[in-house]
Structure formats: C-alpha cells, structure tokens
Amino acid sequence: MGVLQDTWWFPTLRNPIDPNLPADNDSLTDEKTSQSAAGITETEEEEPLCEIIEYRDEANRPWWKHFDEYEYRVTTKDKADHRWYHWFDPNDTPAERKLIIKLDLCLTFFAFVVYWVKYLDQTNIINAYSAGMGKSLNFVGNDFVKIQAMYTVGSILFQIPFMYVIYKFPAHIFLPLMDIGWGLFTLALYRANSVAEVKGYRFLVGVFEAVSYPAFHYMFGAWYKSNEIGRRGGIYYFGQMLGVITAGLLQSATYTNLGGVHGLEGWRWMFIIDAIITFPIALIGFFVLPGTPEKCYSIFLTDEEILLARKRVNQSKIGAIDPTRSFFDKSVWKKILSSWQIYVLTLWNIFCWNNNNGTSGAFLFWLRTKYDTALANQLSSITPALGILWIFLICTYADVFRSRWQAITISQIFNFIGNVILAVWWVPESAKWFAFMLQYFGWSMASVLYGWQNDICRHDAQARAVVLIFMNMMAQSSTAWISILVWKTVEKPRYLKGYTWTAVSAFMLTVTTFVVLWFYKRDEKRYARANGIHIYNSKTGENLPENFKELSIETAASESSSIEKR
C-alpha cells in the first residue's frame, strides 16, 4: 500500500499503489481505452476482452427496446436484480457504500453549498434591481438585461482556458481560488455608483464563476457511476433553488432591517452578506474537494477507498487522464472535432439553457405589480421551493428507473404547458399562478442532461472535459444575445417573446433528446461485449456458436489471466 502523502492539515497528491498490481502498470484503464471515446474514433475500436455473461439474439428484438438506455449496459440478470426504490445498487459492497457516503459529503454536499452561494448572488442582482438599485443608479431602458449579459460574456470567455485547467490542474486549488475572486467582486458591488460600474463588476464576477458549474459536473462524472450521477447532480442543483429562495427572504429582511444602516441602502447590504458567506466556504474547499480518482487529494479518503474508487470507474469504463498525452495533441482534437458528441450535445444544451424563464425575473416583476417590495420578495421564494421538489422527482426518476430520456421528456411537458399559458397571458389569475409554479421544471432536468453527457463521453477524460466545457460555453453564450432579444426589460412582466421562445426551446430540447438517444444506443451497442453481452442476429445468418458454453469458459479464463498479468 502506498505511503500517505498528505500533511496532517493540507491535502497533497495521493497515489496509493495496489499491492495486487505491478507498480509499472498501475492504471485505471489500458492505453487504448484511455485514448478512445464512444463514437470518437476514426475506425471502430477492437472490442475489449471481457467475460461473456449473456448471449443475446436480436432477431425478434421488440421495437420498444430502442428506448431502453441500459439495454447494452447491463445483463438480464443485473436488470432483474435492480430495485428502483433502493438508494444504493444491490451489488454495492459495504465498503463501496461507505465510499459513496464520503463522496456525497465531501463532493456532492459541498457542491450544493457552493451553488447555493453563487445563485444567491445571481438572484440578488434581480432582487436588488427590484428593491431600489435601478432607481438609485438611474437605470434606463434595457440596462438591467445588458448587465446580465455582461456577466454571461465574462463567464463564456474564461471557460475557454479552463478546457485545459479542468483537465490538468487540481480542482481543490483552482476552484477555491476562483471562489475567493468571485467573492471579492461580489463585495465590490455594494459600492457601485453607476450602471457602468455594475457592468464591470458583473463581468468580473462572471469571469471568476466561469469554471465552477462544469468543474463540479466533471468531478461527478469522474467519481460516480451512470446510475448514481443523476441524483447527485440533482442535489447539486438544489443549491440553485435554495439560492433563489434565500435571496428573496434575505433581501426582504435586509430591505426592512438594514436599509439606511451606516448610510447604506438595503440592496447594498445584500452584496456584503453574499461576500461574508462566500469567503469561509471558499477556504473549506481547499480541504474537502477530492479531485479525481487518479489525481486524488482528499484527506478524508483512505488508500483503500481511493483504490476502490479507481476500480469502480474502471468497471464503468470511465477513462482516466493520460499524463503522457499532450492536451494539444492534434490527433486527439481531430477525433473530438469529428465526433457527433461535440455538435449534437452542444445543440442539445443550447435548448437546455434557454428553456427556463426564471433568470428573467418574470415572476418577481409580476408580483411587484400586485404587492409591495417586501411581500413580493417573500412570495418569489415559492417557485424555487417547488423547484427543489421538481428537481428531486426528475433526477431521482432518471437514476432509479434508468431512463434519462423519460425524465427529460416529462420535465419538458410541464415546462411547455406553463410557458404556453404565460405566452397567452390573458388568462385567469389562478392560471398564471399555476404556470409560474411550473417555472423550474425547465431546469429540473439540467443535471440529468449533464450526467448523461458525462456518461456518453466517459471513455476519454480529455474528450469529456472538452465537450463539457464547449457545450456549456456555447449554450451560455446563446443566452447572452437571446436574452437581449426576447427578455427586454421594457416588456416586463408580459414578455410575449420570452415565454414563446422558452416554450419552443422546451419542445426542441425534447426532440433533440431523442436524437441523442439514437446516437447513444448506437455507440453502446458497439461496447456491449465490454459489458459481458454478445450480440448476434440469427435472421441475418449470425448464429449462436454451438460451443458457446465452452467459449464462455475460455473467455472467462483469458480475462482472469489478463487481470493477473495486470
């Protein structure tokens, strides 16, 4: 067992050696696996050697099997053993369950807290505008939506270098440092005295927040299996909803209790409170973020647990970072840029980023036409509170029923209905309330989508990082200019173009999901043998070998010998 390389107080690189493997071959995956990605190949890769557990004839395959995401991932026996109402997989050992609980605390829960603080700020800019910032700083026309766009531009531009950073550098260092920078410029907003200052500070807030969202999803994909990641991503997304809820309540409290204290308006105090919350959380990040299994820095995981994590991701065919391969290798980029993933998943994510009306502040602006500032801020917490429920239902559905396309489709049906009602607008007030209550169904599936992307690109760590950052960057950039066109401040709270575009995005997201499913199933069929499933079709002359039982025994023996050599 490798010697613990940590100091007692600060994490350093952990690289325990498995005593059952030779020291010169301690890798998660062989070179070919680490440099290939499902579908990201110039020629079809040779199938990995694996024990054949099940022979499956597709001659009479039912048409509805196309919609079974795990058709080529799990055997019939494993599928029968699956229980949808269990949090853990029935095949998880006690050691695995202990590891998962630790990861849930160190990674998932911490990610949730970070996202809460970030969305506290995201929502507070809306609440601050509604609570007096617009009047104090002489906002005119579409100044507010332009400020939102400046944040987006900063975030987009600085995601580009993080394609490299997220792949090569330890997350427990760069993520907390970025959080500290984010906190400093959030704090600076309290002293803004002009629209131009707010634009500049929001741009820099976007710069320092650029890597957070994709980095956490990248780490989820590095530690969790495909049937675990949806719920963890959902917990992460709870932070967004909690941020919206607490922002409304805190803004209401500061507006009422701190307005005028030390000569500062209530909306200015909210940014001070944001920063006070941010800094200690950033410092905690230096100690709790675990990195990835192959580059682990956690002081909370034992050597045995790190090796177990590597074994888990190896079983799930999750590619490791190849330290010998240059990030700028032309052949690697050629494979990535010629793959379907980078184009189809990017289009898919563009519709995801545009399928929610929450960031427009539409609900709050509508409430302000009916209630005073304090009550409107309090009532604005209703929709994100329901959003937590929607996220839990959709993300849990995706994992326990092993159907991500169904979870996405269900969420978008409700999202589409709500936005159509709001686009019509001239409906009974109860119908408007109903429509706004469905508001966060739009993003309830976001973690399902990002988890699926991690799974699709799981065979190659660099491809997974590049596609993740690129699709996030392009989707976010689309909101920068689309928001100016369809969410014009002067049209609040009616937003005919905004609600219509959101409904269209919900519909197109659903359509694109089926395109993704088709490509995904095509690629997974190629990798069926690696999962112990031999596919043949008796109708096309592919018959089951007469000596298939002996072949299965020989294959198992070869696999066992291969493992012993490794």
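For all residues, glycine too, the Cβ spot is worked out from N, Cα and C.
Per TrEMBL, the features are as follows:
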- 20-44: region 'Disordered' (REGION)
- 99-117: transmembrane segment (TRANSMEM)
- 147-166: transmembrane segment (TRANSMEM)
- 173-191: transmembrane segment (TRANSMEM)
- 203-223: transmembrane segment (TRANSMEM)
- 235-255: transmembrane segment (TRANSMEM)
- 267-289: transmembrane segment (TRANSMEM)
- 342-367: transmembrane segment (TRANSMEM)
- 379-400: transmembrane segment (TRANSMEM)
- 407-427: transmembrane segment (TRANSMEM)
- 433-453: transmembrane segment (TRANSMEM)
- 465-487: transmembrane segment (TRANSMEM)
- 499-520: transmembrane segment (TRANSMEM)
_Within-chain partners of the transmembrane segment (173-191) [C-beta distance under 8 Å, separation at least 6 from its ends]_ = 114, 118, 121, 125, 165, 198, 201-202, 204-205, 207-212, 215, 264, 268-269, 271-272, 274-275, 278-279, 281-283, 285-286, 289
*Where among 99-117, 407-427, 465-487, 499-520 do we find the most Cβ pairs under 8 Å to the transmembrane segment (379-400)?*
407-427
*So what's near the transmembrane segment (203-223) in sequence-distant terms, Cβ-Cβ under 8 Å and 6+ beyond its ends?*
103, 107-108, 111, 114-115, 118, 121, 150-159, 162, 165-166, 171, 174-175, 178-179, 181-182, 185-186, 189, 229, 232-233, 236, 289-293, 309, 313, 318, 447, 450-451, 453-455, 458, 461, 464-465, 468-469, 472
_Within this structure, do the transmembrane segment (499-520) and the transmembrane segment (407-427) have 3 or more Cβ pairs under 8 angstroms, counting pairs 6 or more apart in sequence?_
yes
*Which stretch from 267-289, 342-367, 433-453, 465-487 shares the most C-beta pairs under 8 Å with the transmembrane segment (235-255)?*
267-289
*Answer yes if the transmembrane segment (342-367) and the transmembrane segment (267-289) have at least three CB pairs under 8 Å among residue pairs 6 or more apart in sequence, and no otherwise.*
no
